[in-house]
Amino acid sequence: MSTFRQEDVEDHYEMGEELGSGQFAIVRKCRQKGTGKEYAAKFIKKRRLSSSRRGVSREEIEREVNILREIRHPNIITLHDIFENKTDVVLILELVSGGELFDFLAEKESLTEDEATQFLKQILDGVHYLHSKRIAHFDLKPENIMLLDKNVPNPRIKLIDFGIAHKIEAGNEFKNIFGTPEFVAPEIVNYEPLGLEADMWSIGVITYILLSGASPFLGETKQETLTNISAVNYDFDEEYFSNTSELAKDFIRRLLVKDPKRRMTIAQSLEHSWIKAIRRRNVRGEDSGRKPERRRLKTTRLKEYTIKSHSSLPPNNSYADFERFSKVLEEAAAAEEGLRELQRSRRLCHEDVEALAAIYEEKEAWYREESDSLGQDLRRLRQELLKTEALKRQAQEEAKGALLGTSGLKRRFSRLENRYEALAKQVASEMRFVQDLVRALEQEKLQGVECGLR
């Protein structure tokens with residue numbers, strides 16, 4: 001956030017007469033106490049609350065100040081100092097005391113294209129400087145084209161009021177609806193991306209008025225004016241342009257182009273044959289020592305235009321109605337965008353529902369197949385289980401039979417074992433008998449042998 005001098009401006013400057021006022025600003029003449037030099041003090045009413053529409057926001061004030069701090073050009077007003085108090089930010093600006101260019105020209109009996117273009121060239125030079133710094137003024141109109149001093153042979157143009165000027169950043173799309181309806185470009189009316197080209201349209205309108213005293217798009221109402229601008233509804237009425245050169249008309253045509261990309265740039269405008277031809281004619285006239293032939297334009301209609309413009313300034317050229325209109329357009333654009341977003345969301349939701357339905361149907365078919373397969377598997381398992389249970393019962397019966405058989409075998413084995421033991425005892429007894437018999441026989445045999453020997 002920029003910081004300004006938190007001092008009372010009247011400690012440094014003596015305030016004088018009011019020079020002009022706008023919706024949220026008052027400009028007063030002032031004199032610096034130390035030097036006696038005269039300046040213009042622009043009191044900008046600060047917005048107290050962000051939700052309020054009274055006053056200028058801090059962001060807007062800082063934007064204007066930052067732009068003024070950056071620019072230094074003979075045809076652009078200069079910022080000298082800045083003060084701030086509780087209610088206002090005060091810009092101390094170069095004093096531009098020569099009045100409006102159109103008022104100055106309207107005081108003349110007649111005007112030549114050459115004279116008009118000398119001033120136009122200064123306007124182009126100032127805008128060229130701004131555009132070289134990517135600064136768009138966005139409010140070029142007769143009231144903001146002033147003379148530093150009209151009481152000199154060659155008055156100097158000064159472009160003033162940078163309240164809605166913007167720095168155009170590459171890659172950052174900028175849209176807004178502001179400016180003075182009579183001079184705004186179609187892209188502003190239609191809420192389209194804005195750039196330096198909008199200033200060139202305004203220069204086209206200013207040139208048209210300068211040469212004819214008529215406004216190309218001005219209607220009975222603001223809505224009619226904006227409709228004419230959007231439709232690029234204008235022509236070169238012979239009543240107003242009978243003394244205007246074709247080159248001048250071509251210059252205007254190349255600026256009043258709806259497509260910003262096809263509109264003449266500031267560099268191209270400075271190289272346009274109409275601007276360069278006047279310079280060449282002036283040089284030839286100086287070399288030959290005679291004045292070049294000049295087309296003279298009546299200033300009667302320009303007088304009428306300036307009188308009408310000043311008298312209708314409060315109701316017709318104030319920003320209030322146009323701002324309300326712009327708010328309506330912004331809200332309508334936001335509503336349309338919201339509707340488009342809702343339609344996109346509805347379409348996406350419908351697509352999601354269809355996708356989910358397709359997934360559900362696919363899953364349902366898969367579950368159905370799986371269910372059928374599982375049913376078959378369950379039936380097969382049930383059959384296997386029944387078989388297993390039957391085999392189990394058979395095995396149990398066989399085991400029971402085997403147990404019964406084992407008990408019988410045990411009893412039979414026991415009986416056989418008993419019989420075996422009895423037989424073993426009997427055999428043992430008989431074996432002892434035989435052994436005793438054999439021993440007895442052997443003794444008898446021995447006894448017989450002994451008897452024979454004797």
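Each residue, glycine too, has its Cβ placed from N, Cα and C.
Reduced to three states, the DSSP call for Asp139 (active site, proton acceptor) is coil. Neighbour list (Asp139 (active site, proton acceptor), Cβ cut-off 8 Å, at least 6 residues apart, same chain): Asp161, Gly163, Ile164, Ala165, Phe178, Gly179, Thr180, Phe183, Ser202. Per Swiss-Prot, the feature active site, proton acceptor maps to Asp139; the stated evidence is sequence analysis.
As annotated by Swiss-Prot, ATP binding site applies to Leu19, Gly20, Ser21, Gly22, Gln23, Phe24, Ala25, Ile26, Val27, Lys42. All chains included, 13 other C-beta atoms sit within 10 angstroms of the C-beta of Gln23 (ATP binding site).
In the three-state DSSP assignment, the secondary structure recorded for Val96 (pyridone 6 binding site) is coil. Every protein chain shown contributes to the tally, and the Cβ of Val96 (pyridone 6 binding site) ends up with 21 other Cβ atoms within 10 Å. For Glu94, Val96, the entry in Swiss-Prot reads pyridone 6 binding site, with the evidence type experimental evidence.
If you look up Swiss-Prot, you'll see 13-275 marked as domain 'Protein kinase'.
Neighbour density for Ser50 (phosphoserine): within 10 A of its CB lie 8 other CB atoms from the protein chains shown. Among the features that Swiss-Prot reports, phosphoserine is placed at Ser50 (among others), with the record citing experimental evidence.
Its Cβ taken as reference, Thr180 (phosphothreonine) is surrounded by 23 other Cβ atoms within 10 Å in the chains shown. According to Swiss-Prot, the phosphothreonine annotation covers Thr180 (among others), on the basis of experimental evidence.
Its Cβ taken as reference, Thr225 (phosphothreonine) is surrounded by 22 other Cβ atoms within 10 Å in the chains shown. According to Swiss-Prot, the phosphothreonine annotation covers Thr225 (among others).
Residues near Thr265 (phosphothreonine) in space but far in sequence (CB under 8 A, at least 6 apart, same chain), listed by position: His131, Leu196, Glu197, Met200. Annotation source Swiss-Prot lists phosphothreonine at Thr265 (among others).
Within the same chain, the residues at least 6 positions away from Thr299 (phosphothreonine) whose Cβ sits under 8 Å from its Cβ are Leu105, Ala106, Glu107, Lys108, Glu109, Ser110, Leu111, Gly213, listed in sequence order. The DSSP secondary structure for Thr299 (phosphothreonine) is coil. Sequence annotations record features per position, and here Swiss-Prot assigns phosphothreonine to Thr299 (among others) based on experimental evidence.
Residues or ranges marked as phosphothreonine in Swiss-Prot: Thr306 (among others). Counting only residues at least six positions away in the same chain, the Cβ atoms of Glu100, Phe102, Asp103, Ala106, Pro142 sit under 8 Å from the Cβ of Thr306 (phosphothreonine). Secondary structure at Thr306 (phosphothreonine), taken from DSSP and collapsed to helix, strand or coil, is helix.
Under the heading phosphoserine, Swiss-Prot lists Ser309 (among others), citing experimental evidence as support.
The phosphoserine annotation in Swiss-Prot covers Ser311 (among others), and the record cites experimental evidence as its basis.
The phosphoserine annotation in Swiss-Prot covers Ser312 (among others) and rests on experimental evidence.
Feature annotation from Swiss-Prot assigns phosphoserine to Ser318 (among others).
Annotation comment: Swiss-Prot describes Ser326 (among others) as phosphoserine.
Per Swiss-Prot, the feature region 'Activation segment' maps to 161-204; the stated evidence is similarity to another entry. Within its own chain, the region 'Activation segment' (161-204) is flanked in space by residues 22, 25, 56, 60, 63-64, 66-68, 120, 123-124, 127, 130-131, 133-141, 143-144, 215, 217-218, 222, 225-226, 229-230, 232, 252, 254-258, 260-261, 263-266, 269, 317, 319, 322-323, 325-326, 329-330, 333, which lie at least six positions past its ends and keep a Cβ under 8 Å from the stretch.
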- Please report how many Å separate the Cα atom of Val27 (ATP binding site) from that of Ser50 (phosphoserine), as a whole number. 24
- Note on the structure: Same-chain neighbours of the ATP site, Cβ within 8 Å of the mean position of the Cβ atoms of Leu19, Gly20, Ser21, Gly22, Gln23, Phe24, Ala25, Ile26, Val27, Lys42 and not counting those residues, run in sequence order as Phe43, Ile44
- Note on the structure: For the region 'Activation segment' (161-204), the DSSP residue counts stand at 15 helix, 2 strand, 27 coil
- Task: Consider the recorded positions Ser50, Glu94, Val96, Thr225, Ser309 and say which one has the Cα lying nearest the Cα of Leu19 (ATP binding site).
- Result: Val96
- Message: Through the lens of DSSP with three states only, how would you label Thr225 (phosphothreonine)?
- Response: helix
- Task: Can you check which residues sit near Ala25 (ATP binding site), meaning Cβ under 8 Å from its Cβ, same chain, 6 or more apart in sequence, and list them in order?
- Result: Lys42, Phe43, Ile44, Lys45, Val56, Gly163
